[in-house]
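Here's the structure, in structure tokens; my notes come after.
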């Protein structure tokens with residue numbers, strides 16, 4: 001009888017130990033976990049992803065993408081010939097990204113999807129801020145984050161059509177600035193409203209603060225151009241399900257659709273044009289540098305938007321924002 005009692009206690013002890021081990025695996029001491037309406041939510045105890053979210057149950061961006069990787073991707077940004085020496089840095093990117101990690105930016109899916117989205121987003125950034133050229137040292141793809149502003153604006157980019165909602169400030173210039181350059185008063189106004197920064201009256205803030213510049217770019221990535229449409233983030237990570245019309249227009253989830261949403265007819269539906277291929281090349285280059293590998297980018301129709309019909313044709317109101 002005594003032996004049986006000992007064995008029962010032993011079993012209880014073993015089960016208790018197992019539960020403790022499982023609890024330790026589920027909560028490493030750095031993450032709070034709770035369940036709300038059947039959904040698991042997490043909150044990190046560190047500063048990053050410190051908001052209740054299902055996405056904060058995954059690794060954070062700084063877990064999967066570290067300083068040395070940022071330096072590898074943008075290895076030429078602080079060379080003497082670059083135009084924004086000392087402006088862009090890893091810390092500014094991580095601080096900016098932290099706002100959007102609870103929404104799924106860089107925290108959706110497993111590590112591979114997280115790395116792919118970081119490569120995709122930064123692929124756009126690198127191509128839009130590059131001063132690389134064919135025989136540049138290190139190759140043309142190594143020069144991302146060379147700029148933080150348009151160097152020779154052709155105009156002030158003030159559109160009076162939006163003078164009631166986003167009136168141009170006296171003396172303000174709304175030329176391209178940032179990681180995914182913002183143009184025009186209405187885009188500065190919309191971004192400023194979302195970021196709670198007075199960018200309409202002070203568009204220069206974008207070229208003075210790298211964190212704000214990255215925030216504006218990530219906001220653009222994760223925010224739909226117009227109601228009822230997916231964001232670039234949505235079409236990339238698989239949140240978007242194409243309709244019959246999308247399928248007929250050859251629009252499919254993937255990197256190609258991100259270009260369709262962000263640039264419209266400036267890049268997409270024109271075959272394999274240079275403007276599209278340059279962005280694609282940066283994405284593939286970054287996938288390789290991050291150890292994911294370009295073979296993970298998918299086939300041509302997923303990777304490019306060469307044959308896709310436009311989400312926002314040139315005559316639609318949303319095309320203005322998408323192409324700016």
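Placed from the backbone N, Cα and C atoms, the Cβ positions cover glycine too.
The model shown is predicted, which means the values in this text are computed figures rather than measured ones.
Annotated in TrEMBL:
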DISULFID  158-168  disulfide bond
DISULFID  268-305  disulfide bond
DOMAIN    69-295  domain 'Glycoside hydrolase family 19 catalytic'
SIGNAL    1-26  signal peptide
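Structure with TrEMBL features highlighted.
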{"residue": "158", "record": "disulfide bond", "Cβ neighbours (10 Å)": "17"}
{"residue": "168", "record": "disulfide bond", "Cβ neighbours (10 Å)": "23"}
{"residue": "268", "record": "disulfide bond", "Cβ neighbours (10 Å)": "27"}
{"residue": "305", "record": "disulfide bond", "Cβ neighbours (10 Å)": "31"}
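Rounded to a whole value, the Cα-Cα separation of residue 158 (disulfide bond) and residue 305 (disulfide bond) is 30 Å. Note: the CA-CA distance between residue 305 (disulfide bond) and residue 168 (disulfide bond) rounds to 34 Å.
Cα separation, residue 168 (disulfide bond) to residue 268 (disulfide bond), rounded: 30 Å.
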